[in-house]
Amino acid sequence: MSEQNELNTLKSRFRGYFPVVIDVETAGFNAKTDALLEICAVTLQMDEDGWLKPASTIHFHVAPFEGAVLHKEALEFNGIRDPFSPLRGAVSEETALKEIYKQIRKEQKTADCSRAIMVAHNANFDHSFVMEASERARLKRNPFHPFATFDTAALSGLAFGQTVLAKACKTAGIAFDNKEAHSALYDTERTAELFCEIVNKWKKLGGWPLFESQTEEIDKSQN
């Protein structure tokens, strides 16, 4: 692979990390006590010219774990009126995360990345729920970095002057339907588009690849 082509890889662009966009819908704000009700993951890929774009999508409705707290206001907000309805087709936290992690590890390996890193809007919230659900399910092979994330709320505030997902998308020229919002599937797909737009915009502005002199300085600091 040529030096230029090497720079146009996820591995080089994100220091060995494999970015995965996540969104969750929950029954509250406390990741330890409140139910995880829906989760979606969108993986990303980089084309041969170095442009970032969405790859695959995996989505699950999730059944509340035993003893989970369900806050009425949260359910009204996300529109999940009956978390126990069989019509939701919900699976356990363990099943959802195992399938998501399986897909992530497969694509991460193909991209030759060392670890997955979560991309999310207000990422601390989604990250905390995924980590707690992994602990409850006793999943030892969690592909995500334990604390590092890419937060599109912060990134879009820098790039577009907007931190609310809907407003950031509209400012970036990404269609956003407020009626579809607060579905993990819809929000994850829009967040993925937003993150790709930010990364690609930085490339268009000349921010990536780094100049050779910058790369040399980084290499020296690591030796």
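Think of each number as a place in line: the chain as shown, counted from 1.
Cβ atoms are placed via backbone N, Cα and C, with glycine included.
Quick caveat, the model's predicted, so the values are computed rather than measured.
Quick look at what Swiss-Prot annotates:
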{"type": "DOMAIN", "residues": "20-195", "note": "domain 'Exonuclease'"}
{"type": "BINDING", "residues": "D23", "note": "Mg(2+) 1 binding site"}
{"type": "BINDING", "residues": "D23, E25, H182, D187", "note": "Mg(2+) 2 binding site"}
{"type": "SITE", "residues": "F29", "note": "site 'Important for substrate binding and specificity'"}
{"type": "SITE", "residues": "F77", "note": "site 'Important for substrate binding and specificity'"}
{"type": "SITE", "residues": "F125", "note": "site 'Important for substrate binding and specificity'"}
{"type": "SITE", "residues": "F147", "note": "site 'Important for substrate binding and specificity'"}
{"type": "ACT_SITE", "residues": "H182", "note": "active site, proton donor/acceptor"}
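Shown on the structure are the features that Swiss-Prot records.
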residue : record                                                 : DSSP (3 states)
D23     : Mg(2+) 1 binding site                                  : strand
F29     : site 'Important for substrate binding and specificity' : coil
F77     : site 'Important for substrate binding and specificity' : helix
F125    : site 'Important for substrate binding and specificity' : helix
F147    : site 'Important for substrate binding and specificity' : strand
H182    : Mg(2+) 2 binding site                                  : coil
D187    : Mg(2+) 2 binding site                                  : helix
Checklist entry - Under 8 Å Cβ-Cβ from E25 (Mg(2+) 2 binding site), six or more apart in the same chain: what's there? => result L37, E38, I39, N78, I80, H182, S183, A184
Checklist entry - What other residues of this chain sit with their CB within 8 A of the center of the CB atoms of D23, E25, H182, D187, the recorded Mg(2+) 2 site? => result V24, E38, C40, N78, A181, S183, A184, L185, Y186, T188
Item to check | recorded sites (F29, F77, F125), the one with most neighbouring Cβ atoms at 10 Å | outcome: F125
Checklist entry - Do you see any of the recorded positions D23, F29, F77, F125, D187 whose C-alpha is within 10 Å of F147 (site 'Important for substrate binding and specificity'), and which ones? => result none
Checklist outcome for this item: From D23, F29, F125 (recorded positions), the ones whose CA sits within 10 A of D187 (Mg(2+) 2 binding site) are D23
Checklist entry - Within the chain of the residue listed as 'Mg(2+) 1 binding site', which residues six or more apart in sequence place their C-beta under 8 angstroms from its C-beta? => result I39, C40, A120, H121, D126, A184, D187, T188, T191
Next on the checklist: Give me the CA-CA distance between F77 (site 'Important for substrate binding and specificity') and F125 (site 'Important for substrate binding and specificity'), in Å, as a whole number.
Outcome noted: 16
Item to check | Inter-residue C-alpha distance, F29 (site 'Important for substrate binding and specificity') and F125 (site 'Important for substrate binding and specificity') (nearest angstrom) | outcome: 8
